[in-house]
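Below is one structure, written out as structure tokens, with a few remarks after it.
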Amino acid sequence: MKVLVCISNVPDTTTKITFTDNNTQFNTAGVQYIINPYDEIALARAIELCEGGNGTVTVVNVGEATTEPTIRKALAIGADDAIRINAAPRDAYFVAKQIAKIAQEGSYDMILTGRESIDYNGSQVAAMVGEFLNIPSISIVKKITVDGETVVIEREIEGGKEVISTPMPFISSCAEGVAEPKIPNMRGIMSARTKPLSVVEPIEIAKLAQVTAYETPAARGNVKMIDAADPAKLVEALHSEAKVI
Amino acid sequence: MSVLVYVENAEGKFKKSTFEAVSYAKEVADKLNTNLVAISIGNVADATLADLGKYGANKVLFVSNEKLKTFVNQAYASIIASAAKTEDAKVVVLSASFSGKGLAPRIAVKLEAGLVDGAVELPEMTDGKFNVKKNAFSGKAFAHVELTSDRKIISLVPNSYKVVEKPVTAEITAFESTAAESDFQVMVREIVRASDKVSLPDAELVVSAGRGLKGPENWGMIEELANLLGAATACSKPVSDAGWRPHEEHVGQTGIAVSPNLYIAIGISGAIQHLAGVSSSKVIVVINKDAEAPFFKVADYGIVGDAFEVVPKLIEAIRKFKEAA
């Protein structure tokens, strides 16, 4: 089985988000980058499914040379090889088109990624790749098990879950529950340096969307403190002042 | 020209998030001086379809056959994209529900249309530009995205746009499924829905608790409070990581982002990752025994006190309030 895992390079979850150039650019000063947490659990599941000689895991990232430490981390965690598409990830359509090309050339059986990146929160790439390749895409999944030629997947729905079976190849975007993130061991870290990482140039496509500006959420007013002995005052405030109950 | 809205149903019924999408799409259609067309897939009664006129749908297309009874992503995307072409839709609107998030990108590729996933406001349409505000950095910021394609697709975050009645008489018309055989590769084996639980992503009220509760055995009072309010239950990351609560209740940067009218946080200190997931809440109440907890800085109402003393009193107070109402 050949598995392709799409990873994105994102600011660490503790990052305080600020912008520069009149709120048009993300301020990268002092920011630590990590594998997108959802992609990391997709990678962990891919490695689990390929354990014991069951298959190989390739990671793919659309990014400039600065993302290589993140790609090496994925190799240290246990991916077999990596491909970097040498371009800044412009928008989801662009990224999906690049990944679809790699996926087609490599004839992978399974393509996994995270449910969304924690920076632009597009949650578009997986289903777009599915459409470009005309294969099933199952978004926001919590469980993936392989049963011979069939793959059984649980996907989240409002207030419950749906159990689906799909043939291979397919693409899924992973949410919490799929696997626990893996911490690289010393052997993994050592071997990551010599695992193959190939760099390919992007294909050009028309631009359909672009970010023109950012803003940060408006600050809230001062907190109103209520005496712990009298929560009835809170109920009263929520009813007549905030009007939410 | 038209604006098209996909009206998602759950077991034949439309949810509030569907009506929100219809109201949003109607406003866009009015601004563009055009009609609003809705497309429904699956088994929905005619009277339920006609109800969409109340929110401004001029025309309702429906596709209903046995194979489309359950959600089949590829087939649904094919049908919606072909409806967009038939109706010459310039803008397609969906709810950013779990299914909507899987559909919108496929439709975008089929139509070569720019997509904004997770819109929180109406598009700005001035000087021939089309800009949509969306969540970014998992609730830590917003991005304004300009769509430059001829057709545009928007998925709307549940609870971020109000339902508005704009009654018209909807024309109900059957629409021929254009889904190909190859669109039916997946099979739904089972659907499990907890009928007594309020769904978290589109909940109007949320009661959330953290490590301050000390253990899963203490969630009884959280569930009681939630039931009393008709709220969904949620939790912080350490709680779901420890297995005290299921992952789908985890609210935060790497869990679910919510935008309820009221978010009550009990025994949650307010790490930056958690705050990201709740920043769109309209009103935040924090109950924590530590007066220095960072969560108080972003709260509207706060109570410094032990959850095990405050919550039972709060339950009592709400019960009295409900009885008096």
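Placement of Cβ uses the backbone N, Cα and C atoms for every residue, glycine included.
No curator has checked TrEMBL annotations; they are predicted automatically.
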Quick check on the annotation: TrEMBL has B:Gly267, B:Ile268, B:Ser269, B:Gly270, B:Ala271, B:Ile272, B:Gln273, B:His274, B:Asn288 binding FAD, so which of B:Arg211, B:Arg245, B:Arg319 does it put in that site too? B:Arg211
Whole-number mean pLDDT, the domain 'Electron transfer flavoprotein alpha/beta-subunit N-terminal' (B:3-188), equals 96
Which of B:Ile268, B:Ile272 has the fewest nearby Cβ atoms, counting only those within 10 Å, among these binding-site residues? B:Ile272
Going by Cβ pairs closer than 8 Å, show me which of the binding-site residues B:Arg211, B:Ile268, B:Gly270, B:His274 neighbour chain A. none
In this structure, the one of the binding-site residues B:Arg211, B:His274 whose CB has the fewest other CB atoms within 10 Å is B:Arg211
Just to confirm: which same-chain residues, 6+ apart in sequence, have a Cβ under 8 Å from the Cβ of B:Gly270 (FAD binding site)? B:Val286, B:Ala293, B:Pro294, B:Phe295, B:Phe296, B:Lys297, B:Val298
